[in-house]
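Quick one: the structure is below, questions incoming.
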Amino acid sequence: MRLLIMGPQGVGKGTQAALLAEHYQIPAISTGDIFRYNLKNQTDLGKKVQAFIDKGELVPDQLTNSIIKDRLAMEDAQQGWILDGYPRNAAQVEALDQMLAELETPLDKVLALQADRQVLMDRMTKRAEIEGRSDDTPDVIARRLDVYAKETKPLLDIYKDRGLLLEINGVGQIDQISKTVISQLDHLDHTV
Ligand code: AMP
């Protein structure tokens, strides 16, 4: 199973990615988590990306693409993966297309989780209280949602045109959403 999880910040991508990873026994790869790990440990990469993340801007493509390229080459990613938070703009879609063509491993499906802006703002404000992320302040949250609307949301049309898009409502019980996703993906398995 090679899957992208897309959708705005706060829609529950990370939660669903973890449940799907468990179900399919494949790694969930989150560029946001990789960046946060590097920020926390103040690595060279962490220092390079800090200013972008703190402002809610996208990290430059070259850095992001090379992280994904290295990660997809790792042993545990050979049987499949779930990418959470990548690709996020048209250039990253192109870079991923190229990587997957070289690896001869096409995408199976693109899962798009959806929710209203107000629901997302509320969820992220709550998460900020719990996790204390430096980019979960109201201004940065709003900026990240704007960047999503401008740069990332249009990518859904690209995957829709390729017949890969599976759109699911991200508001509701976590377990129920994951069951719906898995049943749709399993159905896909049986039909191909
Ligand atoms: P996330 O946890 O996915 O919301 O990511 C947190 C932050 O990491 C984003 O606001 C960006 O600054 C950066 N980031 C994560 N993924 C990407 C990506 N694919 N391209 C560029 N920047 C990213």
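Each Cβ is built from the backbone N, Cα and C atoms, and glycine gets one as well.
Automatic prediction, not curation, is the source of TrEMBL annotations.
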Per TrEMBL, which of Arg71, Arg88, Arg127 sits in the ATP site along with Gly10, Val11, Gly12, Lys13, Gly14, Thr15, Gly172?
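My reading of TrEMBL gives Arg127 as the candidate in that site.
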Can you pick which of Arg133, Arg162 TrEMBL lists for the same AMP site as Thr31, Arg36, Glu57, Leu58, Val59, Gly85, Tyr86, Pro87, Arg88, Gln92, Arg144?
Arg133
When the Cβ positions of the binding-site residues Lys13, Thr15, Thr31, Gly172 are compared with the atoms of ligand 1, which fall under 6 Å?
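Listed by sequence, the hits are Thr31.
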Provide, as an integer number of angstrom, the distance between the C-alpha atoms of Gly10 (ATP binding site) and Arg133 (AMP binding site).
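That comes out at 13 Å between the alpha carbons.
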Pop the mean pLDDT for the region 'NMP' (30-59) in here, whole number is fine.
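On average, pLDDT over the region 'NMP' (30-59) sits at 97.
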Work out how many Å separate Lys13 (ATP binding site) and Tyr86 (AMP binding site) at their Cα atoms, rounded off.
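Distance between the two Cα atoms comes out at 11 Å.
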